[in-house]
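Colleague: Pasting a structure here, questions to come.
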């Protein structure tokens, strides 16, 4: 297979980190070299900083103790004259793949991970042109105080990690301290123009397009080649050098979906702990939710989204939260942290001319400039105490201007300005400068959101749209803490709940570890007592005692209703979903070849949010399950268990629990599947230069073999072939190939790539075990409910079809276009998947036991 490029599509001129195959660098040969081809390339991190030569000698000594000679090399790197904490190591013998694991047993080695390659692109056609062609605009009110107060950023050091800066561009800036190249190309010029533009936004002295902080000390770090490619190792070298220089702020106008790039993520933490504030664009994949990029999605980074030209709305292209790190076992964090102007932003070309561009790439340097200006207002001693991301993010968030949220409750994406779109609001330099001295005089930890007011709709979407009730699974919300002074802090004791109006009806628990660096997450888990028997509003205050800070109060206001009847309660099985970057989980729509991964979360508040909104409009209450069924107190309280695009299999105990709930307690199950094909997955492998290895999908679009195992008891089976109908909006699905007698089917003309055939796309089965048995509904594709950009437009009858399937599952209302199946049929011979995958490496089921098995045993 040829190398392929892996992209996460950003719109409107934002740089990306993704994966790109490149050739090997020239090898520096170890004394143990054998003439083999490199099979793996690793970043070996050590617990101390030394020269690359010293680290290589230590590594030679460790490998010399191995009983079998190891063929390897140390890869060359630019600018190795400074101390470092890692080497790039190439293993030349695939048969010795256990060697990296064995090396981790040596105390000096902190970690060994694959060296990733990043590719950066301007993917869209941004607004761009000379300033003479753009109508003049009035000064931006969010930035004006920097001019009025004569605040210029002196003498703050700011590093720009980007595509470089032409040496001749020095004349357009007051203080270019250094232009340095971290790539393997022997040039420093900016062939793309992105780095020059970002530098101009920050510090241009051109009077026609002045930068926000023209007198700061600017460092241009070229970390992307002319082909827009970078290695993680180059970024690590550049970050190490930034710490060596003791820069104050770093601007990242790029990002990518891979938050599992451990050395990079850890180095961002290390920079934050060393009082370097990192500002990063969240990406241009809006208006879709769950599209944040790394490192902007990290707690110790200021993640910047974009404002539209009116400065009153989130820009349509600005990526939305929540963060996806936590959703496999909990709930994501609020991001972006805030917004800055991202349309018609003025900057420079590589030749010093004024130009205009759009994108969160352009918003990030404005916030970088704000951070530099705030730091410039501190004395040296104050910068030692407060000059870090914890204080600056807390200051900017607490002084931001919230955007007005519309009163519309329907899912409009671009108009609600909810918290996962705008974060704290529009960052306002003047307000932050005004509050700077007061917040340094009385430092106090900041918690965001500052209040859990679920009556505030739609700003607190999605939480404000569904009230709580007794026996509901705990509602989990994540708070983020920014500490103004302490790099490491913690909660002192259990947070105190001070009941207000009806406050006795809530039970609130929290979870948190140590906070580092300068930040951390606090999980809040809310349940309702059984005494809450009528609709009420519950209010109270959570008080957090955080070390080295006065107590922080978070007001809470939640609507509580009586427990809904069984037929109005839906259990959404989130536990069954896996996503990239955990492993190679392939895309659901096979026609979208530019996006190989399933990477938007598959969550009711990301790409399935419109479907969730529709269910809420129909009066259903949806509870999110992030554990296996063994942890559910009582499956029988639900009218419907909803399983959408599952990648995980089921434990045998789970199957028994679900079958019992269906057969004896009237619980119904609706499964929305996707494609599965051994032939297709075997063709989707590619050579990945990140790991110098071949990647294989760990599952199909859905885990159809596991679904068949779950439903075979009821004589329903899904096809192992790929079926589609673009006109119907049935993108890349499966089909129903076996059904029992006296069930119903919905048919459509589908193609498997050769010809169209009338196939069953939905099975509707009344379980015949008893009069109180529930129903099983299976549909072969998720395109109708998936709002991600990769899925394209929905079919014209999607909403109607989904409602009819749910109506049958819960109320036994047969759809008008359903056909009665009088006799058992099977249109394809039974087949078992013979393709071996690596799912077991990432699964929470395979090789594990049910999480709450002990509770079920009792």
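Each residue, glycine too, has its Cβ placed from N, Cα and C.
Annotations in TrEMBL come from automatic prediction, not curation.
According to TrEMBL:
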| type | residues | note |
| --- | --- | --- |
| SIGNAL | 1-21 | signal peptide |
| DOMAIN | 155-407 | domain 'Peptidase S8/S53' |
| ACT_SITE | 162 | active site, charge relay system |
| ACT_SITE | 194 | active site, charge relay system |
| ACT_SITE | 361 | active site, charge relay system |
| DOMAIN | 448-553 | domain 'MBTPS1 third' |
| DOMAIN | 564-810 | domain 'MBTPS1 fourth' |
Colleague: Between the Cα atoms of residue 194 (active site, charge relay system) and residue 361 (active site, charge relay system), what distance do you get, rounded to the nearest Å?
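Modeller: Distance between the two Cα atoms comes out at 9 Å.
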Colleague: Distance between residue 361 (active site, charge relay system) and residue 162 (active site, charge relay system) at the Cα atoms, whole Å?
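Modeller: Pair distance, Cα basis, whole Å: 10 Å.
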Colleague: Given the active-site residues 194, 361, and counting only Cβ atoms in the protein chains shown, which has the most within 10 Å of its Cβ?
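Modeller: For the active-site residues 194, 361, the Cβ with the most other Cβ atoms within 10 Å is 361.
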Colleague: Tell me the coarse DSSP state (helix, strand, coil) of residue 162 (active site, charge relay system).
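Modeller: For residue 162 (active site, charge relay system) - judged by DSSP and reduced to three states - the answer is strand.
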Colleague: Does DSSP give residue 361 (active site, charge relay system) helix, strand or coil?
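Modeller: Residue 361 (active site, charge relay system) sits in a helix per DSSP.
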Colleague: Can you work out the mean pLDDT of the predicted model over the domain 'Peptidase S8/S53' (155-407)?
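Modeller: Averaging the confidence scores along the domain 'Peptidase S8/S53' (155-407) gives 94.
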Colleague: Which residue counts does DSSP yield for the domain 'MBTPS1 third' (448-553) in the helix, strand and coil classes, in that order?
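Modeller: Secondary-structure breakdown of the domain 'MBTPS1 third' (448-553): 6 helix, 47 strand, 53 coil.
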